[in-house]
Amino acid sequence: MLGCEGEAVVRRWLTLVTGLLECLCFAGAVFGWASLVFVLKTEGYFSYLCVNTTGVNGTQFLDCSAQDEQFSLVFTIASFMNNFLLLPNGFLFDRFGTMVARLLGISMYTSGALFVAFSSSALSVLLFPALSCISVGGIMFLVTNMQIGNLFGSTRSTIITLYNGAFDSSSALFLIIKLLFEAGISLRASFLFLAACGIIHLVRTFLLLPRTHIPYPLPEGYTYGINCGQTKTFSPEQTAAIASVQSEDVTEETPFNKESAEKVATFWECFLSKFFLWHLVWLSVMQLRHYLFIGTLNPMLQRLTQGEPSLVSTYTNAFAVTQLCGVLCAPWNGLIMDRHKGKPRAPGMSEKEADLRASVLSLTLTALQCVLFSICASTPFLPLQYLTFILQVLNRSFLYGGNAAFISIAFPPCHFGKLYGMLMALSAVVALLQYPCFTLVKGVLGGDPLYVNIALTLLSLLAFIHPVCVYLHCCGLAAQRGKPKDTLPSPSS
């Protein structure tokens, strides 16, 4: 039999691997929307909005721009709910812990899958609550799994970004459903299977995750899971000691080293800090670019291929396949942020300062990738879109992984859920601009998105302000190192 330490190691690795599979297979499915739209159009969803129109040369054609607009609205609302509801869900996670948050997420995801399963072309309106529920439930899987990085301190940022990469790659789930549909498996059967997978999520919740939170830094002897710390290998005194470590007060409030013993900033101090505000701008402008691209991918491909169904299907599949690479791209960002771990730091430099300094390169590369992706997406040349797809998945992996990692670095762990939720909620409000942008393209611009794409590319340049702000802060810390403690600038100011 395995000893206590052996069981703990096995449990941690099982938690890591199963959490990765959960995020990879389910969490970010909503961002594979372009693949699902192809199936939904084939099934006739919102087809009543297509009308026969006479062209300029007198030819008759079927105008489905209103159908495309309705599909765009479904995705806009789902992506908004994905982020905005993270605000109350983040408070819920911080207040009540992992189990309550996951039970809510599982119920939402299962309900969404059932809504799609029992929808039809006559009940197209069910797509609105369905995609929103799948979106909200999926992001809760990600939030509750990211804390697993706390179990592996030296590679914490790498694991957080790995989970975000798996979240990105899970958008390929709708590609699998599309391929199964083309092979004869009905849409209803696929989504009934997704709903049934809720049983797997429940098993993980009760067996491989803590009831409350995984603390950071990890206290010595920390255990979790069913019957954890209650085996016969422990004496009563050891069991009592571990139980005290697992208590909520210890795991969330007790300082375990000199740095964590420092005064912890309040939530509102963190929220009003320049780091949070510029990080919000950094995330919002790039997220808006990605959401508009995903939400308008199908009509864009229709335009560039002159409506050739086989070409649209080919490029849609290519886009979905590249999404699978998100789980491979994201750890690169984590390795960039963790590259100083295990190396000696400069005299007087704290681990948090080293983490912030390491994040500058990550934040800058992410902004640069977004600009390059936006330029390619703005170019109306069909073969170039393969490069666009590659840059999009690379940038999206860096964006969301780096976002979560930076929040965990720059602010106290006890506020992670609230700050992460607040950040995603506020960025969701900005992301609502995608729908008026889509309407503008379809209406005033006559279907040509060039000017909107140029405007979004210029807007993406604002993302470079954030890494400059962090770099200047680190320079200030380096310049004042060795001075009295009260003269040092606050990391969250």
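Just so it is clear, glycine is given a Cβ too, placed from its N, Cα and C backbone atoms.
According to TrEMBL, the transmembrane segment annotation covers 12-39, 71-93, 100-120, 126-148, 160-181, 187-209, 275-294, 314-337, 358-383, 389-411, 423-445, 451-474.
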Same-chain residues at least 6 beyond the ends of the transmembrane segment (451-474) with CB under 8 Å of its CB atoms are 274-275, 278-279, 281-282, 285-286, 288-289, 292, 353, 356-357, 359-361, 363-364, 366-367, 370-371, 374-375, 377-378, 437, 440-441, 445, 489, 491
For the transmembrane segment (100-120), find every same-chain residue at least 6 residues outside the stretch whose CB is under 8 Å from a CB in it, and list them.
26, 43, 45, 89, 92-93, 126-127, 129-141, 143-144, 187-188, 191-192, 194-195, 198, 201-202, 205, 209
Count the Cβ pairs between the transmembrane segment (314-337) and the transmembrane segment (126-148) that lie under 8 angstroms and are 6 or more residues apart in sequence, then report whether there are at least 3.
no
Honestly, do the transmembrane segment (275-294) and the transmembrane segment (126-148) touch, with at least three Cβ pairs under 8 Å and pairs 6 or more apart in sequence?
no
Under 8 angstroms, Cβ to Cβ: which one of 71-93, 187-209, 423-445 has the largest number of such pairs with the transmembrane segment (12-39)?
187-209
Do the transmembrane segment (160-181) and the transmembrane segment (389-411) come together with 3 or more C-beta pairs under 8 Å, pairs six or more apart in sequence?
yes
May I ask whether the transmembrane segment (187-209) has at least three C-beta pairs under 8 Å with the transmembrane segment (423-445), counting pairs 6 or more apart in sequence?
no
What else in the chain is close to the transmembrane segment (187-209), if you only count residues 6 or more beyond its ends and a Cβ gap under 8 Å?
11, 14-15, 18-19, 22, 26, 39, 43, 98-99, 102-103, 105-107, 109-110, 113-114, 116-118, 141, 144, 177, 180-181, 224-226
